[in-house]
Amino acid sequence: MRVAIYNSDTQESKRLKRMIIQGLAKEGIPYDEEQPDLVISIGGDGTLLSAFNHYEDRLDEIRFVGMHTGHLGFYTDWRTFEVFDLIESLKTDSGQSVAYPLLNVEAKFSDGTRQNFVALNESTIRDMVKTMVCDVYINAELFERFRGDGLCISTPTGSTAYNKSVGGAIMDPKIVGFQLGEMASLNNRVFRTLGSPIIFGKDAVLTLRLADDSTAVLSCDRTQIMLGEVRHLTELTYSVAEQQIRFAKYRHTNFWRRVKASFIGGEA
Ligand code: NAP
Ligand code: MN
């Protein structure tokens with residue numbers, strides 16, 4: 001098993017990285033940032049999002065482990081004082097893993113180009129200046145015309161992130177699907193949207209067609225998709241991705257206890 005570490009830029013993360021690298025060397029576990037089988041992320045959930053993005057092309061080969069330097073995260077359940085327990089777990093690793101669904105995003109642009117993205121948390125489409133107008137298609141059938149600030153399309157594990165802030169439901173990560181949430185939709189006697197979040201199942205296809213003069217901006221997790229002066233978004237298609245993210249499962253962290261610890265209070 002080859003291990004890589006992906007860390008945030010803090011002194012604490014760098015110190016832990018050095019400690020783990022020493023521990024790995026002592027146990028004869030190879031360290032390899034190019035072709036790892038296991039990626040240890042040290043930092044916050046944001047760091048794990050970046051680690052995911054960095055190793056996105058090797059998702060089938062990689063399992064992740066998250067160590068948090070700050071508060072408990074949703075992707076990070078190892079605490080910094082557990083470094084040696086983690087190395088013990090690596091020594092007895094038998095390939096055990098837990099997999100979660102991801103979101104596939106296909107973007108079409110006005111210049112005829114296309115780009116494909118995979119999101120671990122969510123993809124948002126927003127307009128900061130004018131009202132975003134788009135037609136929402138569910139399985140190729142027109143569902144509604146959305147007017148408002150934007151839309152947030154999240155994965156089950158991303159449901160506790162941005163999705164939650166826009167009034168979406170927390171999804172059990174065992175559900176294979178994705179969620180659509182509205183951001184400040186315009187609703188009056190003339191304009192109408194559903195006004196509540198929708199959770200889609202595994203085969204659903206959600207398509208957004210944007211107005212010709214759209215100035216909407218697309219994000220995928222931590223990344224903003226660059227558009228340029230002339231290129232604008234025309235169509236977005238969302239579905240459950242073929243790939244999944246896998247975490248090395250050395251112990252069980254109860255999801256609902258984590259939700260409680262993060263948002264209500266108490267120990268995880
Ligand atoms: P950030 O501003 O540090 O992230 C905002 C918060 O979301 C942080 O506390 C982060 O935890 C937490 N978070 C990330 N993924 C989560 C998840 N799956 N479940 C629960 N909480 C989660 O920015 P960042 O660290 O680069 O993270 C990017 C994410 O921030 C985006 O994917 C989006 O979900 C979220 N975001 C939220 C809002 C909002 O709620 N209005 C706006 C923009 C972005 P850590 O401190 O551990 O990193
Ligand atoms: Mn963060």
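Start at 1 and count along the chain as shown; that gives each residue its number.
Including glycine, each Cβ sits where the backbone N, Cα and C put it.
Features reported for this protein in TrEMBL:
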type: BINDING; residues: D45, G46, N121, E122, R147, D149, T160, A161, Y162, N163, K164, S165, A184; note: NAD(+) binding site
type: ACT_SITE; residues: D45; note: active site, proton acceptor
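In this entry, D45, G46, N121, E122, R147, D149, T160, A161, Y162, N163, K164, S165, A184 make up the residues listed for NAD(+), with the farthest two CA atoms of the set 31 Å from each other. Cβ environment of N121 (NAD(+) binding site): L49, S154, T155, T157, G158, A161, Y162, D221 lie under 8 Å away, each six or more residues apart in the same chain. Cβ neighbours of K164 (NAD(+) binding site) (same chain, under 8 Å, six or more residues apart in sequence): I170.
In this structure, none of the binding-site residues from R147, K164, A184 has a C-beta falling under 6 Å of any atom of ligand 1. R147 (NAD(+) binding site) falls within a strand when secondary structure is assigned with DSSP. The number of other Cβ atoms within 10 Å of the Cβ belonging to D45 (NAD(+) binding site), over all protein chains shown, comes to 22.
Looking at R147, T160, A184, the binding-site residues in this record, the fewest other C-beta atoms within 10 angstroms of the C-beta turn up around A184.
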